[in-house]
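Following: one structure in structure tokens, then a few remarks.
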């Protein structure tokens, strides 16, 4: 019985045959694991790059549009201001210093910003441009003739003076009555002035006022109804009352 010894070359060939196969399979698995990571990294990098480029381009375009709109708005406002100034100068030269009621009114609050007049520019000396004031206030205030003249429409002036005083003759009589009564009420006025200085309240006493007869006169008829009661005593030239006999109460005076 004989045994055959295997050939070492064949064994070496077998081993050499199996080793390259195992190495090739492991390399294929490593390629399958590395390729998705590379693809994802490339996609993320491309997306980030495109986003940055879009943001930068959009900001530049927005700044350019804002600059163009600002320049256009400034140009339109400047042109609008000069047009209004020329129109105001023509109206001022043709119509004098008066402004008609048909002048354009102030724009509404919903109007765009370019329709509003320019802001009021006050210099350091306090001078104000007249044209700017004309644009802000197109209607001039009422004059003296409109308020106090014969055709006044802004203010009502009563034609009748309220009794018992008059608009023309009340001051001399009142001053004369106060001068005649100043000697008697001087002490009262001094006391009232001291009281007013302490309390700082403006009060008027009935003693300082002139009587009704001194202001209106004794001969002028009065439309006021007489009050029931004793008649006032007659006074002499010095101003002191003369005591007289009290009248008997009549049935008409009894209330």
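Backbone N, Cα and C atoms are what each Cβ position is placed from, and that goes for glycine too.
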For this session: If Swiss-Prot is the reference, give me the range from 69-109, 110-150 marked as region 'Disordered'.
Result: 69-109
For this session: Could you check which of 37-57, 163-183 is flagged in Swiss-Prot as transmembrane segment?
Result: 37-57
